[in-house]
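Have a look at the structure below before the remarks.
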Amino acid sequence: MLTETKNKTAEFLRWTEKWTHTDMVYLAKGNFWLTIGQFVSIFAGGLTSIAFANFLPQEIFGLYRYILSFIGILTIPSLINMHSAVTMAVAKGNEGILMPAIKTKIKWGTIGSLASLLMAIYYFINHNNAVALSLLIITVFIPFYTAFSLYASFLSGKKKFGASTLISIVSQLFVAAVTIAVIYLTDNILIIIFVYFASRILFSYLALKYTIKKYKPNKNHNPEDVTYGKHLSFMGVFGTITENIDKIIIFHYIGAAELAIYSFALVPLDQMKSFVLKNLSALAFPKFSENSFANLKKTLPLKIAKLTALTSALSLLYFFFSPWIYKIFFPQYLESIPLTKIMVITLAVVPLGLFNTAMMSQGYQKLLYFISISGNVLKMILFAVLLPLFGLNGMAYAIICSMLYELSVLAIVFLKKSN
């Protein structure tokens, strides 16, 4: 009976492919697990956000976000986009990339540790002991922060979405439970920072050991795969800086409480964007890697148009219902409502990011370098111009304008590029 049901479901999915022009059986198998994982992620992230909103003062949460913003920048030397290279290599059968990639990330990550140490000394000299001590804690963890999590990229490349999701679910719930317990018991920023990093790295290490033991990666390895991971990471440097610099600027020039308000304006949107784009990219990247650019150019634009229509509808719903969401879950952050309504457009255009995923899978790093750098230069200029004029709204305008520029250029280049 169960086999018959599965066969009929597969037949139905194959029948729908005449309209979707997509491998719906693959999508359903992968998306089932990824959707479950994302729902758990949203649940765990939502509970954590509610705890932060209700258990911590705005100034402490603002300081926490400020310190985490440094993490994004300090982990740049750790080759932040190596995960894409690992996924692509494993999808092609080169599973031996896993350990060389991890060792490379750890080695390069020591540069971030040195930078963190120097920054800690600077803050000690300037009598900001809370930030200085937090940076000393971070110094120890930086080389390992993203290195061990490459197990997830390995599983994605092997299309083991079920295993990847189950590990992710346990990880999300574990880290959320530990974090909520800590912020309930204390508002000491040093304890919160230590527990956050220690819990994430410990679980990633255990998950990596399990993955290696369970799936026994083969020895096939092309050194150029690691080199490509470096290229992707260098390409993302400026983007990573601009993704985090807004929070650093707000903390310095407006204040910790305002940074907390800004951060909570992004929380629901970031959860939804992650749900859409992370699922799609994780499923699409291995498939895109196996496809020719000519075929992608023929089939991808229509799929993206359909997805954009769906995310636009979701954005409209969020625009109208966001005041109720904040009143129920984040009553201390009602000031975030106008800002989150401005930023909702970033949710509507999320599917356009698949153009970037497609071009990355085909190795067009030089084009992506240009698009990424030019878009982020624009963002930095807009930050400098719009923050003094419009405050927090100015930061939102800068993010929206630079994002629309980058996605538009990506779409044009993808459509115009010859096969």
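Glycine is treated like the rest: Cβ placed from N, Cα and C.
The transmembrane segment annotation in TrEMBL covers 32-57 (among others).
Positions annotated as transmembrane segment by TrEMBL: 63-86 (among others). Within its own chain, the transmembrane segment (63-86) is flanked in space by residues 52, 56, 97-98, 101, 104-106, 108-113, 115-116, 119, 130-131, 134-135, 138, 142-143, 145-147, 149-150, 152-154, 157, 189, 192-193, 225-226, 228-230, 232-233, 235-237, 240-241, 243-245, 247-248, 251, 256, 259-260, 263, 285, 360, which lie at least six positions past its ends and keep a Cβ under 8 Å from the stretch.
What TrEMBL records for 106-125 (among others) is transmembrane segment. Within its own chain, the transmembrane segment (106-125) has Cβ neighbours under 8 Å at 70, 74-79, 131-133, 135-136, 138-140, 142-147, counting only residues six or more beyond its boundaries.
Among residues of the same chain six or more beyond the transmembrane segment (131-154), those with a C-beta under 8 A of the stretch's C-beta atoms are 63, 66-67, 70-71, 74-75, 78, 80, 82-84, 86-87, 90, 95, 98, 101-102, 105-107, 109-110, 112-113, 116-117, 119-124, 164, 167-168, 189-190, 193-194, 197-198, 200-201, 204-205, 207-208, 210-212, 215, 217. Marked as transmembrane segment by TrEMBL: 131-154 (among others).
Annotated transmembrane segment per TrEMBL: 161-183 (among others), in sequence order.
Panel annotation: around the transmembrane segment (189-208), residues 60, 63-64, 67, 102, 130, 133-134, 137-138, 141, 144-145, 148-152, 167, 170-171, 174-175, 178-179, 182-183 of the same chain, lying at least six beyond its termini, place a Cβ under 8 Å from a Cβ of the stretch. Per TrEMBL, the feature transmembrane segment maps to 189-208 (among others).
Sequence annotations record features per position, and here TrEMBL assigns transmembrane segment to 307-326 (among others). Outside the transmembrane segment (307-326), and at least 6 residues removed from its termini, the chain residues within Cβ reach (under 8 Å) are 268-269, 272, 276, 280, 333-334, 336-337, 340-341, 344-345, 347-352, 354.
The transmembrane segment feature in TrEMBL is assigned to 338-355 (among others).
According to TrEMBL, the feature transmembrane segment maps to 367-390 (among others).
Summarising the annotation, TrEMBL assigns transmembrane segment to 396-415 (among others). Residues 242, 246, 265, 297, 300-301, 339, 342-343, 345-346, 349, 352-353, 355-356, 358-359, 367, 371-372, 374-376, 378-379, 382-383, 385-387, 390 of the same chain sit 6 or more residues outside the transmembrane segment (396-415) yet have a Cβ under 8 Å from a Cβ within it.
If one looks beyond the transmembrane segment (338-355) by at least 6 residues along the same chain, the residues whose Cβ comes under 8 Å of a Cβ in the stretch are 261-262, 265-266, 268-269, 272-273, 276-277, 280-281, 284, 300, 303-304, 307-308, 311-312, 314-315, 318-319, 322, 326, 392-393, 396-397, 399-400, 403-404, 407, 410-411, 414.
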